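Visitor: Pulled these from TrEMBL:
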type: REPEAT; residues: B:22-43; note: repeat 'WD'
type: REPEAT; residues: B:57-89; note: repeat 'WD'
type: REPEAT; residues: B:101-142; note: repeat 'WD'
type: REPEAT; residues: B:146-178; note: repeat 'WD'
type: REPEAT; residues: B:190-222; note: repeat 'WD'
type: REPEAT; residues: B:295-333; note: repeat 'WD'
Amino acid sequence: MSATAARLENANPLIFQRAGERLLTAGEEDEDVADPIDDREIFDLIRSINDPEHPLSLEELNVVEQMHVNVNDQESTVSVEFTPTIPHCSMATLIGLSIKVKLLRSLPDRFKIDVHITPGTHASEDAVNKQLADKERVAAALENSQLLEVVNQCLSTRPV
Amino acid sequence: MKDTLAPVLRLSAHPDSRCWYVAWSPKGSLLASCGGDRAVRIWGKEGDNWECKCVLSDGHQRTVRKVAWSPCGNYLASASFDATTCIWKKKNDDFECLTVLEGHENEVKCVAWAPSGNLLATCSRDKSVWIWEVDEEDEYECVSVVNSHTQDVKHVVWHPTQELLASASYDNKVCIYKEEDDDWECRATLEGHTSTVWSLSFDPEGQRLASCSDDRTVKIWKECTPGDGDGSTDGAWKCVCTLSGFHSRTVYDVAWDRLTGALATACGDDGVRIFKEDTTADPEQPVFYLSAHMPKAHSQDVNCVAWHPQEAGLLATCSDNGEIAIWNYHSDA
């Protein structure tokens with residue numbers, strides 16, 4: 001355990017309180033009322049993504065927060081900002097890719113999904129953002145079976 | 001905008017996948033498409049319908065990113081994420097894989113034939129552009145590897161008449177290459193875009209080059225001639241026009257129609273736009289105006305725009321939703 005911990009980039013991360021369960025309104029429970037996708041629903045899709053190096057969720061590490069999720073159902077756009085735990089985090093691209101893949105798989109095809117680093121929180125912010133925005137490179141990365149396996153691990157549900 | 005872009009037909013070309021690119025054969029009788037399903041499909045007209053004539057599915061192990069017809073129309077090249085380029089030879093109604101070009105370290109992003117048909121260019125995420133020579137026996141030999149870009153090279157295109165090659169890259173730049181003492185060299189670097197340059201298209205005369213980018217602009221570049229009197233050197237290119245404010249997301253492709261001079265763009269906001277040049281403007285400071293706009297041309301990103309080589313105004317587009325659409329552009333101007 002200590003040998004593993006020694007290799008971690010951020011060995012003792014701050015752990016944050018998880019949000020409570022979503023409260024359903026009467027309108028949302030009514031099947032006859034059109035129910036647009038909102039920020040909380042997007043947040044619920046990504047909050048439980050596993051961190052690549054800690055047995056913790058992105059929510060528990062404060063990498064994703066609901067206030068950094070912005071959805072516009074009518075315009076079919078989703079924008080998510082995520083905050084790496086440290087400014088030199090080498091996992092930033094992988095975390096961003098996991099968020100992107102989760103949303104690509106969960107949302108209707110009409111959505112334009114933009115995933116960015118929260119401004120000012122990473123040393124290579126521009127390079128990581130550019131890579132995540134390049135759908136050709138994302139497509140090529142997801143054809144790499146090793147990388148896809150790592151992404152799928154981040155997206156798998158942990159036993160509680 | 002009184003010009004119109006009317007839909008002619010839609011084909012579900014690469015179902016459950018992305019359609020990355022389409023290319024008309026030189027006579028325009030066939031349309032080749034490629035996509036994330038690793039296949040190339042050849043489409044031909046049957047009466048009023050377009051039908052899939054054949055599926056080339058055994059050439060590549062990964063996504064086929066782009067396809068290109070040889071100028072004679074007898075060969076098709078396909079560039080794939082599997083790091084190879086396949087050359088297919090047309091035999092009656094079928095195609096056979098003639099050879100596989102290997103050498104790039106990773107994904108091949110684009111392939112293009114020179115107007116003579118004797119040269120082929122490929123480019124890759126490995127940052128290099130390779131020039132291949134074709135002999136009479138259908139043998140391909142790499143004659144030059146050029147490393148002028150510092151990042152992923154997205155697109156290569158040849159000049160319509162000369163042996164002049166242009167490439168576009170993730171490093172935000174465009175490079176122009178020419179043969180010099182049996183070797184290919186970068187003769188000009190075009191800087192101005194502030195993000196990835198996705199595609200390029202020469203104008204019908206080959207005097208200007210259009211580039212499109214992730215920075216949501218299209219730029220028009222013009223070759224400087226010594227007579228310009230602005231002190232620029234021969235072979236240099238300058239940006240003479242920037243089309244900004246028209247696109248709301250990445251511009252993935254640009255195509256200059258050789259028949260009408262109209263400029264089409266494919267955009268990540270699902271739209272297809274046609275621009276026309278104001279012919280009364282100063283050629284040194286050209287002005288382009290938006291003459292037609294189809295906001296939801298596809299239900300997802302538009303990846304490619306291709307003008308029919310013989311029928312003026314016929315435009316093929318393709319999208320992330322796997323569809324091909326064919327449009328008729330009509331201009332009153």
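We count from 1, first residue shown onward.
Positions of Cβ are set from backbone N, Cα and C atoms, glycine also.
Just so you know, TrEMBL annotations are computer predictions that nobody has curated.
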Visitor: Under 8 angstroms, Cβ to Cβ: which one of B:22-43, B:101-142, B:146-178, B:295-333 has the largest number of such pairs with the repeat 'WD' (B:190-222)?
Guide: B:146-178
Visitor: What residues in the same chain, six or more past the boundaries of the repeat 'WD' (B:295-333), come closer than 8 Å to it by Cβ-Cβ distance?
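Guide: Same-chain contacts beyond the ends: 2-24, 26-28, 31, 33, 35, 43, 50, 249, 252-260, 262, 264-272, 274, 276.
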Visitor: Note the mean pLDDT of the repeat 'WD' (B:22-43), expressed as a whole number.
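Guide: So the average pLDDT across the repeat 'WD' (B:22-43) works out to 97.
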